[in-house]
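S.K.: Okay, handing you the structure first.
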Amino acid sequence: MSGEMDKPLISRRLVDSDGSLAEVPKEAPKVGILGSGDFARSLATRLVGSGFSVVVGSRNPKRTAGLFPSLAQVTFQEEAVSSPEVIFVAVFREHYSSLCSLADQLAGKILVDVSNPTEKERLQHRQSNAEYLASLFPACTVVKAFNVISAWALQAGPRDGNRQVLICGDQLEAKHTVSEMARAMGFTPLDMGSLASAREVEAIPLRLLPSWKVPTLLALGLFVCFYAYNFIRDVLQPYIRKDENKFYKMPLSVVNTTLPCVAYVLLSLVYLPGVLAAALQLRRGTKYQRFPDWLDHWLQHRKQIGLLSFFFAMLHALYSFCLPLRRSHRYDLVNLAVKQVLANKSRLWVEEEVWRMEIYLSLGVLALGMLSLLAVTSIPSIANSLNWKEFSFVQSTLGFVALMLSTMHTLTYGWTRAFEENHYKFYLPPTFTLTLLLPCVIILAKGLFLLPCLSHRLTKIRRGWERDGAVKFMLPAGHTQGEKTSHV
């Protein structure tokens, strides 16, 4: 009984961020840090909180000691590298040469390079920072790690930042040591290969939303085109033909007319590549031929295009709420009331217009609600909690429902205006008629693909069937039956 009572109630184990338990050595392992900048301070804070004994090497320890946690020992660089086997090099590339005097003391140790070059430095040097550090200290083992983790993520913990730590190096044991340290700190290590991969890893923090560049340019291009079109119709035409000054509409009214057009076309462009891919597979009779590069890139950017569509739809809703707040709108109401009095009409009520307004506003709210659901489920944490069938149902089925609701919203908004001559200003059709072309083609194509003759064939192709793929299977020689042919 006494033996049971002698056991500690809580074992020396830490809980990782994913819920698993990681053993912590009885004696805290000692880790060295060379550097006293922001990243070095955040790294020291995280290491101390994870149970490591931290020694910080600084050129002026008295001045920087107050910036580090009290449990971290701040001393001169020579003393900091004497005992730890793992040393984080948290200095810039141009300062690597200042560490050459420590080469003898660093021999045989693991150097973890956490630096990132600037865009200019990356273009100037052929070697990555990690490879350059390895060339200066050939007796050391250099591992590239933690360069994609920000100082804030180190301080706040992996729950508030990116959990992945990209690691590359030439020695497996050294990478394993750094990986275990990353796990103890609550991060998820990801092996990126040899040290030659460091150049690619160092380029990651320099990228500015690479997957958003083309969708953003597309959205801006559509906005400029539709804005210019609406400006000609709503502002320029009245000024030239009727000498009416309506330039006050440019900041809000013309923008609000443009936003739904951009959102609607972008939503159509999310589902158009799927239609083109299905048509291409039906034409080829196989799924084993690669799509053209332009279609492949288009398919990969659907998420960004959809989120931009949601963004413009939300702006359209907010701008619409602001329309009654305009001074011009109040003047229009007063002028309408004066005209009603002069016409000696006690009640102004157009049943058709009332129903049209009620219906198209309701459809617009429903479409925005569907887009909101699509945007929420595209968040990685929520998307990862869904299985493939659930995710496909939300993004494909409900997304197509959102496109249908948007089309009905646009049709009820336009009503009969497309057939009225006075709405063709400068012989230009109403803007909504231009936006309807692409969605109607997509809806028609989707309807055709639902026909049994096309639906069954497309399903077979996506399950591996090929139109011209006749595979011959030969039975054993002693078998009574002859040759058999099967289509795969």
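Note: Cβ is positioned from N, Cα and C throughout, glycine not excepted.
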S.K.: Using the annotation in Swiss-Prot, determine whether D296 and R463 are placed on a common side of the membrane.
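M.R.: Domain labels match for D296 and R463 in Swiss-Prot.
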S.K.: Annotation phosphoserine per Swiss-Prot: which of the candidates S17, S82 has it?
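M.R.: Of the listed residues, Swiss-Prot records phosphoserine for S17.
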S.K.: Which of the listed positions, S20, S128, S328, does Swiss-Prot note as phosphoserine?
M.R.: S20
S.K.: Out of N256, N344, which residue gets the N-linked glycosylation site annotation in Swiss-Prot?
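M.R.: Record annotation (Swiss-Prot, N-linked glycosylation site): N256.
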S.K.: What is the pLDDT of the topological domain 'Cytoplasmic' (455-488) when averaged and given as a whole number?
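M.R.: On average, pLDDT over the topological domain 'Cytoplasmic' (455-488) sits at 66.
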S.K.: Under 8 Å for C-beta pairs, could you tell me which stretch among 208-228, 259-279, 359-379, 391-411 has the largest tally with the transmembrane segment (434-454)?
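M.R.: Answer, by Cβ pair count: 259-279.
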S.K.: Measuring Cα to Cα, tell me the gap between H409 (heme b binding site) and H95 (NADP(+) binding site) in whole angstrom.
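M.R.: Answer for this pair: 62 Å between alpha carbons.
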S.K.: Once near-sequence residues are set aside, which residues in the chain of D38 (NADP(+) binding site), 6 or more away, have Cβ atoms under 8 Å from its Cβ?
M.R.: A151
S.K.: Tell me which of the binding-site residues S97, S378 sits in the most Cβ-dense spot, judged by other Cβ atoms within 10 Å.
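M.R.: Answer returned by the neighbour count: S378.
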S.K.: Cβ pairs under 8 Å with the transmembrane segment (305-325): which stretch of 208-228, 359-379, 391-411 has the most?
M.R.: 359-379
